[in-house]
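Note sheet for the following structure.
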Amino acid sequence: MSMACTKVWRSTMYTPRRLKRTTPASRVSSTAMAAANGDASHGANGGIQIQSKEMKTAIHSNDSPKTLLKSESLHEYMLNTMVYPRENEFMRELRLITSEHTYGFMSSPPEEGQLLSLLLNLTGAKNTIEVGVFTGCSVLATALAIPDDGKVVAIDVSREYFDLGLPVIKKAGVAHKVDFREGAAMPILDNLLANEENEGKFDFAFVDADKGNYGEYHERLLRLVRAGGVLAYDNTLWGGSVALEDDSVLEEFDQDIRRSIVAFNAKIAGDPRVEAVQLPVSDGITLCRRLV
């Protein structure tokens, strides 16, 4: 098999396997579905590998950690040294529940939740927005970090998966901080903007939803988040595939997402309204501070 493999890119990214989808994508009702789908494995040497021209690769699955680190042992070291020992008991409970789910790979990994919590505390955020919720791991991280009178407006096209995590959020004593809104994100954001009092009301926004709409979400969130506030966008390196010159080796699903992410990255890179940084945490996270 190794003789048939063609290495098309070498870097700190997943080494995906041939796709083995058993559930139609249409059955995944959460907006977080667009974050990932497929069957991937993490290779020691990094890079996307394909077995033949007929075999397509997929970026994410439950079979591999959502990380861009080339070394799995290094990722484990980081988790065991800095993440798990400091993990809130309710965050751990929800993480373990989510990991057993068929689409558990769509969840924000614990190191990303830790980063979000730190950012929220550093910025003193009180009112936040989250687009794309899934089981609520990042919502819980946010609710635990913001003050008792803070709010996270959590938006997802379906509450099916959120209901899996809601009992843990309630047990953590932070359910009163969560304002879950079911439906497509665009009209919900537009409805928020219809009330002028919401412009500049929010301190922080986190987006982990349909990648094709990231640019549109950005325009709306720039009006909802105050000057000096932070906007965070997940999956902006998409398994490292953004660096591919030829994405024909990818599943069509991943090709579409890759192209959307590449366009979004270019948009942020040239946006004078924000100060931005892209970090290789998890699957890539882009942080923007609104300047004007």
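Cβ coordinates are placed from backbone N, Cα and C, and glycine is handled just like the others.
Worth saying up front: this structure is predicted, and the values here are computed from it rather than measured.
Among the residue ranges 21-46, 47-72, 99-124, the one that Swiss-Prot annotates as region 'Disordered' is 21-46. With Ser108, Glu130, Gly132, Val133, Ser138, Ala185, Asp210 listed by Swiss-Prot as binding S-adenosyl-L-methionine, the candidate from Asp149, Asp156, Asp163 annotated for that site turns out to be Asp156. Cross-referencing Asp203, Asp208, Asp256 with the divalent metal cation binding residues that Swiss-Prot gives (Asp234, Asn235) picks out Asp208. Cα spacing between Asp208 (divalent metal cation binding site) and Ser138 (S-adenosyl-L-methionine binding site): 10 Å, rounded to the nearest whole number. Cα spacing between Glu130 (S-adenosyl-L-methionine binding site) and Asn235 (divalent metal cation binding site): 14 Å, rounded to the nearest whole number. Listed binding-site residues: Val133, Asp156, Ala185. The one with the lowest count of other Cβ atoms within 10 Å of its Cβ is Ala185.
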